[in-house]
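If you look up Swiss-Prot, you'll see 1-46, 989-1028 marked as region 'Disordered'. What Swiss-Prot records for 82-266 is region 'Serine protease'. What Swiss-Prot lists as active site, charge relay system is His120, Asp151, Ser233. Taken from Swiss-Prot, the feature domain 'PDZ 2' applies to 876-957. For 990-1001, the entry in Swiss-Prot reads compositional bias 'Basic and acidic residues'. Residues annotated as compositional bias 'Acidic residues' in Swiss-Prot: 1012-1028.
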Amino acid sequence: MDLNGETSTKRKRSSVAAPAERPAKHLKPESSTLTPGDATPANGTVYDVEDEEDTGRVMPIGPAQADSPEWQATIEKVVKSVVSIHFCQTCSFDTDLSMSSQATGFVVDAERGYILTNRHVVCAGPFWGYCIFDNHEECDVRPVYRDPVHDFGILKFDPKAIRYMELTELKLRPEAARVGCEIRVVGNDAGEKLSILSGVISRLDRNAPEYGDGYCDFNTNYIQAAAAASGGSSGSPVVNIDGHAIALQAGGRADGAATDYFLPLDRPLRALECIRRGEPVARGTIQTQWILKPFDECRRLGLTPEWEAAVRKASPHETSMLVAEIILPEGPADGKLEEGDVLLQVNGELLTQFIRLDDILDSSVGKTVRLLVQRGGQNVEVECEVGDLHAITPDRFVTVAGGTFHNLSYQQARLYAIAARGVYVCEAAGSFKLENTLSGWIIDAVDKRPTRNLDEFTEVMKTIPDRARVVISYRHIRDLHTRGTSIVYIDRHWHPKMRMAIRNDETGLWDFSDLADPVPAETPVPRKADFIQLDGVSQPAVADIVRSFVRVSCTMPLKLDGYPQAKKTGFGLVIDAEKGLVVVSRAIVPYNLCDINITVADSIIVAAKVIFLHPLQNYTIIQYDPSLVQAPVQSAKLSTEYIKQGQETIFVGFNQNFRIVVAKTAVTDITTVSIPANASAPRYRAINLDAITVDTGLSGQCTNGVLIGEDGVVQALWLNYLGERTPSSHKDVEYHLGFATPALLPVTSKIQQGIIPKLRILNMESYVVQMSQARIMGVSEEWIQKVAQANPSRHQLFMVRKVDCPPPQFTDNADSLQEGDIILTLDGQLITRVSELDKMYEKEVLDALIVRNGQEMHLKLPTVPTEDLETDRAVVFCGAVLQKPHHAVRQQISKLHSEVYVSARSRGSPAYQYGLAPTNFITAVNGVPTPNLDSFVREVSKIPDNTYFRLRAVTFDNVPWVVTMKKNDHYFPMSEYVKDPSQPLGWRTVSHDRDRHKDGITPDAANLNPDAMDEVYEEVSDVEPEVD
């Protein structure tokens, strides 16, 4: 952590930032890439501002010249009031995703400890943060007010916490803002501790800028100037030469223009005065958006010359009037006002400015106002009841089944011109992860019952049992024309808590309470079904293979082992119908902390569990209860002979639409491969396997299937293999390859006998060398001849590419393999095929003959038990997922620095804010070594809440560093997932926050949502909404 407040995250050097899915704000590019902002993914779309705004007068100003003594004195005084704000929104809420960022604020009441900043900094949802003063003193801040519409909010700090400098405040002088006024913007520009930008006010009557799909201000004018502020300057004071704050920095352009937009301080000043007096900040609304339009446009809308003359006479300097832009359905003005109405009077008062309109509405909550408008040249007078703006601004949310919900906000309703009602999904995760989109859904009905608001939704969810499948009806707020219908699986076992969070403006926290215990799952009952028939397939044995396929859906409640997804679906092959055994790709079922459901004959859905995970060859064995399936499921016949290159076969696979396809083809190649390692974060990959490719285009379209002979015997599985993430597109590569069935038999035969294999493996990754290379590296002519005789089809040996980092109980010794060794024999058998390496599975020690540095050597090679390589425990601490280094980490690193490895982190968490990145190792807490998870949990349990502590960490590239972090038990209590075969789920969850969770069950908070977790490094950003 740099002293100036900028976060410098330590990570693997080659890692990349993974873009989120739906943009919410749009920020200025830095170094040719879009900078993520307060809720802004790196791939944010840029939106155009209305053309009218682009024609505004701009007075370009270059860098500040040598300031006059007056300006120097002013700046010296102002900087003592400016603070750098470091903050997080702990979970997605309303228009913003969970995030961590930096911004600016300034003290407006030194005695009471009030800081003025932007509303998009204070956040609509749960906030935690701190501020740093000019002398680098730090103190916590909490929100006391965020405006429902306008882009300002007020934070509170404890003035007594600042001991080494005299606190000063800036006076708010909104009336001092004038065209031509020279100004300075003093703030945390581009993440720097202090930047001073100069400019000149060019406009006072600009409409509020549109930032796209995220939070946008409206119903106010903005001030325009050329100051070239950027990310991090949000909330900066705009000061004049007298040292008074005359505006608030709010946003800027994303196209490189030096234009900035400032919020006038009239409404912030009023709110501050109310808070000082201990009064609520009343906010009124008739749910109508107004915009300023110049007189020429108003005339085209029907403004009569008489009224124009009256307005110009009353306000000689006015050039525009207020025109209705959006009237929300079901609002107070619905059916009374129309879009395009030109506002003339309110309560008999001629009115052309937003400020006066706000004054009237804010003082008339619960009352009626009279509006006179012109519509097509005709005077129309209407009466509207003024509603409470706070009442249609959500101040609570509910988390259930992994998702987060609240009432639709006025912000979202205004943006899409819809009624301000409905249940909004602000965190589409868990059971409610709909169409792979993070947020934006409106739930219309659940289980065939309407959910018009959050209360109705909550009552419906209380009655739905765990593991039930219910029909939901929904629309996305960006496409309200299309109504979707889906069946969702209600998860109340990994997410047992149904909780409500309510904003508490006294404490600045959101108070959580449990709403209802989960309804127990109903006992599954057997069901009947028939399989489809493959028409046009001449071989009956081939057509019958359809009875051996099942669809497999795997959902992970927590990101482990660097796996990038929270849900994956594919197909598995039934290898024993009587016992319910299915083999499936490990790219679909990566680890056993998961929910697995299989679908038989596209009709029967039953649960399954992990029986076996192969450490090297990319397959998982799962098991379901066959007594629940009354369908003619057939065990696939697996070939005991390896398929050969050039051999004809029949490809049967499933395309992207889950439709089965069949094609006659031939094997084009069988090559020994290892799936490329992922550079940004190690994760499971297949190594040391013979990959089969076939001569059909369907092979690239199908992720799962089989190669089958005309006799119906399965010769190979067709599997998907998770590969590397491409640096350019940030997408994960999947390989589709065949895997010969004889390689399965040593494992499947034991499992069918009721024995779970405990394999042992050599601690290495190898690759093929041809005889020309082997000869150069010292392999004798005698051995080259033996290779040719032993494997006529492929003359090859295996060279050690990488030796894995061994488990702690294994120490380096002279009988260990080294990179570059060529393996000749194991236990006296010449090794020229991958299948011949299988002898390592059951041997603790192998007698090996190798060639090293041109010399033949005999070694006693110890093998490693694979059960020690699978993850059996995870600790979630301050938003970071910690585990023992999994197998992929050991494959890619040469030394384990500790057994406390950061596998993932939640956005908006302390881990994210302070830069503790995935792939880091934690070696000590407050100077006490923590070599394993037990010692880590013991030490961090001693740390009080809201207290700083030190973590000593080491990056994947062996760079040691120290991170200071503040503990936050309110939003991020420590919890654990521990593998426990005695539990129904195979795991138990434990909360270490016993005071609030006496049942020991981890709360289902949005910060444990795997879709809000990053398993790779992603930069922490500065907040600055911008438009193009």
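Heads up, the Cβ atoms here are built off N, Cα and C, so glycines get one too.
Note that the coordinates shown come from a computational prediction; the quantities given were computed from them, not determined experimentally.
Sequence features annotated in Swiss-Prot and their locations in the structure.
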residue: His120; record: active site, charge relay system; Cβ neighbours (10 Å): 32
residue: Asp151; record: active site, charge relay system; Cβ neighbours (10 Å): 31
residue: Ser233; record: active site, charge relay system; Cβ neighbours (10 Å): 31
About how far apart, in whole Å, are the alpha carbons (Cα) of Asp151 (active site, charge relay system) and His120 (active site, charge relay system)?
7
Residues in the domain 'PDZ 2' (876-957) grouped by DSSP into helix, strand and remaining coil
19 helix, 27 strand, 36 coil
According to DSSP, which of helix, strand or coil covers Asp151 (active site, charge relay system)?
coil
What three-state secondary structure does DSSP assign to Ser233 (active site, charge relay system)?
coil
In Å, rounded, how far does the Cα of Ser233 (active site, charge relay system) sit from the Cα of His120 (active site, charge relay system)?
12
Segment confidence, the domain 'PDZ 2' (876-957), expressed as mean pLDDT:
95
